[in-house]
Amino acid sequence: MAAPSASMDNNNPNHPKLSKTEKKFLRKQTKARHTLLRHEGIESVSHATESLVIANGGLGNGVSRTQLLRVLERCGSVEALLMPPNKPYSFVRYRTKEESKRAYATLNGKEMVDDLGQNITLYLNFVEKVHWQGLRPPVLPPGLMIVEEIVSPEDEKMLLESIDWTDNSLGQNAQKSLKHRKVKHYGYEFRYDNNNVDKDKPLPGGLPDICNTILEKCLKEGHIKYFPDQLTVNQYEPGQGIPPHIDTHSAFENEIISLSLGAEIVMDFKHPDGYTVSVMLPQRSLLVMTGESRYLWTHGITPRKFDVIQASQRQKSGVITSDAGNLTLNKRRVRTSFTFRKVRRTPCDCSYPLFCDSQSCHQNETFPSFPENDKEASELEQEYVHRVYEEIAEHFSSTRHTPWPQIVAFLKALPKGSIVADIGCGNGKYLGLNKEIYMIGCDRSQNLIEICGERQFQAFVCDALTVPIRSETCDACISIAVIHHFATAERRLATLQELARLLRPGGRALIYVWAMEQEYNKQKSKYLKGSRDSDEKKEHFSSGVLASGPLGEQNPGTSNHDSVCSISAINDLTREEGSNANGVINSKLPVHINRTSFHSQDVLVPWHLKRGPTREKHSEPQKLKSDPVGLPDSTPIFHRYYHVFCEGELEAACRMLNNISIQQSYYDQGNWCVIFKKL
């Protein structure tokens, strides 16, 4: 079907001159245009340009570069085709406007068959400019190496033929058919119930003799230090994979090597901070994991029938970049992996104790327990909030510079001459926003208050529990990412009471706290989606010491929780002695892994300190066994206490105040937020 005129003069689905078929097409085209704008920020234009966005024509819905180019080049000379990874759209730029108009008229509404054999319909719209900014050029995780063509095609054939998948006996080896793959074990059976091996029960027969040649070669070339005594053979059909995981530290020695036979595959490696690297493992290559890549990064294979790979020829192994101009799809084939390990006989003493099962019992002796009373809560806050922010103040301030829209809107809407207190002001990024109001800030960190002074802001040191300002003198108060640093429900309620005390009748308070739900209404927060490159994103976009929170665009939503009206009820809602998401009781505070969902409401959140040229501090990071987490820059790590709030919890706490009314309660990019008014 030919599309309506490219001038879009008639591009109204209700236009009387259009046929029923044309109206149906335009409705779908308009829907595609609005979807791209709403979800991707891609704005189309009503006039013809050289560039087009092609909805449904992307790698994310099974269209390969070769396949799409073949269709597009029928309409003219294609200067560029950008196919963002995992997206259901692409961009094309033609040499002339006439060619792009021809493509718009010819291809709009055209059906094509994707690489999965499914019919899809293309919808094209003009765009002014095309900008696709990928992530920084990725590099292989430290300790990861790929050796291409480690075996010959003849040796590959013999290795594959040596595995008899029809033999289901559990004699010489252990064979299982898992949900996503077939697997055989040699030497020792890897038990998936406890992710370990029974070191006292070796399998008869040991490793197949046919593997000796390749293992001796690996020893000679220095890829391994020990001759392996355990082999796992996995067979993956197209569409199968293996979940992200770290091989159990206590089970195996440092070196893990894996042969890829029969086909190539893309394996995903993910750092605890959320940074992901997709790596091509060519057919007949050897993957070597040691050090950080073995102990710290998860590795896994996404179950799918096509991989996104580099379109340019000759790049066999290495990182799959996000260059949208050089990506295509590669159909998977049956792949068999031979993964060799050496069973560990002594406890693991690696430099990554946060992720080490051998050292986990020692961690429980080091990290603090959930406070049982007000005294313990105060001591916990002193060590894991106050002292930490004094140490990280300079680095923390350097990452806190962008005000967040809904907080700005609250401050801008206040009447001229209003007196406003920012309780937990951090480096003062909200103190100077509205020149027509009078703002004063306070914070528990002396070093952050000094930064406020250098910026000519009025601020002083105090605790949010006892603010030295007269009662009923403020027209408004803000508390941005503060209250979640208090370690008991009673202390959190006391900070809310203090805010209400400061307000004059009719005054309003805005409160933000971290949310347990970092995925809400099927949308991930910016914290979960953020990259490892941005320090401001890396630590939840926080504001100040009594302070630190994940702030972004507002997504209002009134809470359904209306009536939790006692301290005991809030305690029931928020904890059972530090219980996790599965209800397992554990009195020790868990250490949260950055850029991941929360599994416990009371956690220690790492801060990876980068020392600046000024304000150098003499004291050392907390002497926890977990300090050397093993980031590439080996930065010192501090741990901050947080209580992340469940839906309805903040609103329920506010309702316990007898002199306020809640005006608004909403979720804002990983935060629960309340605005209340003093009666």
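Just so it is clear, glycine is given a Cβ too, placed from its N, Cα and C backbone atoms.
Since the structure is predicted, the reported quantities are computational estimates derived from the model, not experimental observations.
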Correct range for region 'Disordered' (source TrEMBL, candidates 1-31, 311-341): 1-31
Predicted model, mean pLDDT over the domain 'Fe2OG dioxygenase' (227-344): 87
Residues of the domain 'RRM' (52-129) by DSSP state, where helix covers H, G and I: 22 helix, 26 strand, 30 coil
Secondary structure content of the domain 'Fe2OG dioxygenase' (227-344), with strand meaning DSSP E or B: 8 helix, 59 strand, 51 coil
